[in-house]
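Scroll down for the structure; my scribbles are underneath it.
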């Protein structure tokens, strides 16, 4: 799904608006996370234990945390920019998201926090319980939860409420004046797409955030069964799955480009179409000064083949 989003975005790169670049950045995050890291967790599931040693755990934890933070920053930008930072440089925002996520995720490599296996043993993450070990670990855990999880979520929620209010107020004002425009419909669909992306992300990661927060104040894993950890983690990873469905549902241009892409690989999907069009652009006018052009599209046949058979 995310691969299709990237392919279609490349095909229509000259037609894209700046706000769509944030969706492309989010698709890059989802795509690379599914390709580079999740296979290791899947193989560990079949093995019933984590594959590899500390090196693979650090690789998985570091990579997932970088992409997780970048995805959160991107969704926060999707929500905040239309409200408070209209006209911001989107490319600069995307680069800043990757830079901040990479720098902050690298701190455990230098002694501020660490990456350890999760309680159910099939993936790795920040050692949330290291809050009790040292001041540096406690500082990193608290900042990770408050500044890089709680604050972005609050910004997302506040911004989405503001966006929905503005869209409703704008729609009501136009309706009161009896004005009907396609711009109103496009704005509503775009706002709903961003709202669904943000809401889905918050709902997916909220259970994992709650479990991790509770884990901070416990020195061992006995306060919760392994299933209490694994289901929030899997639910959080599902956020990479449904974003492409949101793009294609709300974005008509993406759907049209997807049809063209599928037709280029499988011409049978194009079907037989007969179109009648006047040379002057006026359809169905008998006796006009210009002849009516009949366009035939047949599967596997060119125009000369059709005329030859006739």
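Just so you know, glycine gets a Cβ as well, placed from its N, Cα and C.
When TrEMBL is compared with the stretches 21-40, 161-180, the one noted as transmembrane segment is 21-40. Listed ranges 190-217, 274-301; the one TrEMBL annotates as transmembrane segment is 190-217. Of the two recorded stretches, the transmembrane segment (92-112) does not lie close to the transmembrane segment (190-217), with fewer than three CB pairs under 8 Å once pairs fewer than 6 apart in sequence are set aside. Long-range contacts of the transmembrane segment (190-217) within the same chain: residues 19, 23, 26, 71-72, 75, 78-79, 82, 119, 125, 128-129, 131, 141, 145, 149-150, 153, 156-157, 159-160, 163-164, 167, 223-224, 228-229, 231-233, 235-236, 238-239, 242-243, 246-247, 249-251, each at least 6 residues beyond the stretch ends and with a Cβ under 8 Å from a Cβ of the stretch.
Within the same chain, residues 2-3, 5-6, 9, 51-52, 56, 59-60, 63-64, 67-68, 70-71, 74-75, 77-78, 81, 90-91, 93-94, 97, 197, 237, 239-240, 243-244, 247 sit at least 6 positions outside the transmembrane segment (21-40) and bring their C-beta atoms closer than 8 Å to a C-beta of that stretch.
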